[in-house]
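First comes the structure, then the notes that go with it.
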Amino acid sequence: MSKTPLLDTIRTPDDLRKLRIDQVQQVADELRQETIDAVSVTGGHFGAGLGVVELTTAIHYVFDTPRDRLIWDVGHQAYPHKILTGRRDRIRTLRTAGGLSGFTKRTESDYDPFGAAHSSTSISAGLGMAVARDLAGGTNNVIAVIGDGSISAGMAYEAMNNAGAMNSRLIVILNDNNMSIAPPVGAMSAYLSRLYSGKTYRSLREAGKQIGKHLPKLIADRAARAEEYSRGFMMGGGTLFEELGFYYVGPIDGHNLDHLLPILQNVRDAETGPFLIHVVTQKGKGYAPAEAASDKYHAVVKFDIATGTQAKAKSNAPSYQNVFGQSLVKEAAKDDKVVGITAAMPSGTGIDIFEKAFPDRTFDVGIAEQHAVTFAAGLATEGFKPFCAIYSTFLQRGYDQIVHDVAIQSLPVRFAIDRAGLVGADGATHAGSFDNAYLGCLPNFVIMAASDEAELVHMVATQVAINDRPSAVRYPRGEGRGVEMPDVGVPLEIGKGRVIRQGNKVALLSFGTRLAECEKAAEELATLGLSTTVADARFMKPLDVDLVIKLANEHEILITIEEGSIGGFGSHVMQTLSDHGKLDGEVKMRAMVLPDVFLDHDTPAAMYAAAGLDAKAIVKKVFEALGKEHAAETVKLA
């Protein structure tokens, strides 16, 4: 007998809406169990999805999705949404090759009107859809669901300020799962929320506003303030949103369908807006291990449902993020000017390690990359040595600040760029594909890439020593190569690479951790009679011009390899060769970069193979440059 009999009858939300209202709770309970079971098989973001099971069910029951547009901010919490919207049969393919995305994705379903993965975009996108509806004479609803972490970012407030000024009929649901704004206050809160979302109250409020326009300004202002304070006193937490022009409803218990359903129905039927519904939920709701340790169950690998034990693979080498964190601790122990900054990702970047040693010198600024960069710039003006540790994909959000506030002023902000290159299961939205290109075009920037974990130690020490300009070191997600680690970092000579293996026919110049694949390729090429030099560039800016020219002069073929897009390291090498007249027939130059597409999720190894950046592809590229036939399937590499 099925454990999910009602859920089994639901193919789309149309089926859900055919059920009686007293059956909705059972659907939610079964949906939670299905979510737990699915993620135990696939891994993925877990706690946030469990926290919005009732909210997801209620939204799809009350609103006419997909005609009514439903936007999930970030998308971590969208797994239950996917199950209810025709994707249950594929839910156990989450984040695997050819399977469902771990986030919302427009090309995946009509029920995903806007793709997500980075935070704080939902209100802006929702407002755009609401305005488009109004211009087209439509009547559908637009609902944006955003978490209390995401709503802290500046973009969310920019959007709310705009929406409030336009009086747009937009519904924003604030999913407060950290109790960071205000807790629900029981039955009275639920009753007042239902009252304030109802038509009678809104009509009276609008009438009051119209009367206020004809009163003397002092009296009108005091009346408005009295109404605002009375609501703030009774409801707790809504004053800011009211100031931005929203009707504030809440806080309400996001796990109580008796509270959620009537409020959503009231708001659905409203003719005015915008609304902000403040819903309080619990991460990991309904699964005891996740409720007890929400941080450990935010994102999980495969796990045993009965025990909660996650099937984590045994580590063979330290992770790059931990090497960075530990290296920064050692440098800070010698230099009290070193500080660490992260934008809501302390454990993901290794800043949590630094925080344990130096809590007073650690700053988590929240989801605020723009602020993080300029905050670091301010610290640098006063002689401090800020390390701004941000994922490559998120650093994009602070690009103007990098240019205007850091680079133009030559301020020595140190950027630790984690998750550089392809990241695997999180796919295109989280890939660190572009930082070589978007930083490489900036004057007076030192840009490094660690080829292994030992090199990262030295590059952190190098950054500490750079006091006259900004610097960046990029490194990938995951474990290092298992190389011997230095006790302390030693600053590298700026702008100088190193030769790993000497040959005379082919030169492979690597920037970053593709060095290991270059070494594999060199071994294979040697068995095929091609003497191959392997070099580690270390620096993209300033580039080791002497090394580049030497490689070009002494080899028939020069190939660059990087874990980045077009416009990055290879482009800098080609510009140097062009400047020195080395592209006039003297050397066959090839640049191996990520393909000019957004790659879908898979394992990192599979993604690099698909991108043509593994050892097999390097060997093939060499023979293509030589003009000799060499079928890819004959290349046998370990």
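Using the three backbone atoms N, Cα and C, a Cβ is placed for every residue, glycine included.
Taken from Swiss-Prot, the feature thiamine diphosphate binding site applies to His76, Ala117, His118, Ser119, Gly149, Ser150, Asn177, Tyr287, Glu369, supported by sequence analysis. Listed in sequence order, Ala48, Gly51, Gly147, Asp148, Val280, Thr281, Gln282, Lys283 are the same-chain residues at least 6 apart in sequence whose CB falls under 8 Å from the CB of Asn177 (thiamine diphosphate binding site). In this structure, Asn177 (thiamine diphosphate binding site) belongs to neither helix nor strand by DSSP; it is coil.
Under the heading Mg(2+) binding site, Swiss-Prot lists Asp148, Asn177, citing sequence analysis as support.
In the structure shown, across all protein chains, Glu369 is the one of the binding-site residues Asp148, Glu369 with the greatest number of other Cβ atoms within 10 Å. Cβ neighbour count for Gly149 (thiamine diphosphate binding site) (all protein chains, 10 Å cutoff from its Cβ): 20. Long-range Cβ contacts of His118 (thiamine diphosphate binding site) within its own chain (separation 6+, distance under 8 Å): Val74, Thr393, Phe394, Arg397, Thr429. Among the record's thiamine diphosphate binders, His76, Ala117, His118, Ser119, Gly149, Ser150, Asn177, Tyr287, Glu369, no two C-alpha atoms are more than 33 Å apart, and one pair sits at exactly that spread.
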